[in-house]
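Residues or ranges marked as domain 'Acyltransferase 3' by TrEMBL: 15-367. The transmembrane segment annotation in TrEMBL covers 20-40, 52-76, 97-115, 152-173, 185-209, 221-238, 250-272, 292-310, 322-342, 348-369.
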Amino acid sequence: MGELQSSGPPAGRHYGMDWLRVGAFALLILYHVGMYFVPWDWHVKAAQPEPHIAILMLATNSWRLALLFVVSGYASAAVFARQPSPAGFARSRSSRLLIPLVFAIIILIPPQPWIELMFKHGYTESFGHFWLHDYFRFGALDGIILPTWQHLWFVVYLWVYSMVLALLMLLPASLRARIARLCEAVLAGPAILALPITLMALRALILFPGVGETHALVDDGAAHALYFPCFLFGVLLRGSSPLWVSVRRWWRVAAVLAVAAYAVVAAIEYRYPGETLLDETLTALFRGARAVQGWSTIIAMIGIADRWLNRDAPIRTTLTEAVFPLYIAHQTIIVVVGWWLLPLALPNLAAFAVLVVATAAGSWAFYIAGRSISPLRPLIGLAAKEKGRPEGRPSPTAQ
């Protein structure tokens, strides 16, 4: 984990993992735009949700967040390799994650619960009244806990996992090396697919059957059982040549498994859409297929990134830096623009186009403004500007 590796990392920087990181966060933004249209619970919804969109959403639903924790673990190991003091690593991660988290909770996120209260519960007060009198109540309002971290639960979990990693780095180097060798041996060959898939299936079928994620940190065992191991896998992958050998050997098989498993998931959703109750056999098949789809897709995408994307480009540095600020800003923009679109009664395809363009433009403007104004950089998760250094220092989830 981090520097638990028993063998040196692959030579040079792995640009494929940078591109995968950028793609994973871009996909998350598109997914959240999709949440406006799918008939699943969300903060604000289109007037006429599209049930069939659920089939498309399920193409990424089982692996998108797990992939984010894998690439974030990989990035965390890269940070630790440059700053091998556990205390220094903890301080660095805390400043780069907690400062923007607090800023977002106070300033950026409040429009989301305000709009949700109006949309779902008929709340009639102005945003100013909500922010001054209701948002900081440290309690529930119509079932919504305020204040809230909303989509930035990911940042909270990433910070907690990073602190655990810092503690693990206090272990003797020899013990860390033995743990790394053991993990490499356990995950060698086809086990890089079989073992995680088995564990994910056990989680879905036996340990937490039908248990949803709360994103509240302290009562979210189902989420931690998935995301923390994914984070640790990313940490280990950063410095493990044997794991890379297994990925390169098995990613094509993983891709086939991912497509086949998604076909099962999509077929069940098509035949029994939405909240249709399934019998025990179909429920087990659906959950098991999602486990296969989830991990197989992750390995396949890492393999694809390694095979075809492991090359640099001028825009890469900027994009890797922009990832975290864009993530911070995107969901508030989606919710606000989605709320504004409701009275216009646009066709869903037109509304989708407006949401994508508005979210991309607004999030990018947020990044450019925050990057350019030095006092704002820590608030959006960027390091302080160093004299003579070009723009584009990667974000905490990117490097």
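Even glycines carry a Cβ here, placed using N, Cα and C.
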Would you confirm whether the transmembrane segment (52-76) and the transmembrane segment (185-209) meet the contact rule of 3 or more C-beta pairs below 8 angstroms, pairs 6 or more apart in sequence? no
Within the same chain, where does the transmembrane segment (221-238) have neighbours whose Cβ lies under 8 angstroms from its own Cβ atoms, ignoring anything closer than 6 residues to its ends? I mean 6 or more beyond. 1-2, 4-5, 9, 65-67, 69-78, 81, 157-158, 161, 164-165, 180, 183-184, 196, 199-200, 203, 207-208, 211-215, 244, 247, 298, 302
Outside the transmembrane segment (20-40), at least 6 residues beyond either end, the same-chain residues with a Cβ under 8 Å of its Cβ set are 46, 49-51, 53-54, 56-57, 60-61, 64-65, 67-68, 71-72, 74-75, 151, 274, 301-302, 305, 309, 316, 319-320, 323, 326-327, 330-331, 334, 338, 348, 351-352, 355-356, 359-360, 363, 397-398
Best-contacting stretch, by C-beta pairs under 8 Å, relative to the transmembrane segment (97-115) and drawn from 152-173, 185-209, 250-272, 322-342: 322-342
Taken over the domain 'Acyltransferase 3' (15-367), the predicted model's pLDDT averages 97
Stretch among 250-272, 292-310, 322-342 sharing the most Cβ pairs under 8 Å with the transmembrane segment (185-209): 292-310
The transmembrane segment (322-342): which same-chain residues, six or more beyond its ends, come within Cβ distance under 8 Å? 21-22, 25, 28-29, 32-33, 36, 43-47, 100, 104, 108-109, 111-112, 115-116, 118-119, 150-152, 154, 351, 354-355, 358-359, 362-364, 366-367, 370-371, 380-382, 394-398
Folded-back contacts onto the transmembrane segment (292-310), same chain, C-beta under 8 angstroms, at least six residues removed: 14-17, 19-20, 62-63, 66-67, 70, 192-193, 196-197, 200-201, 230, 237, 244, 247-248, 250-252, 254-255, 257-258, 260-262, 265
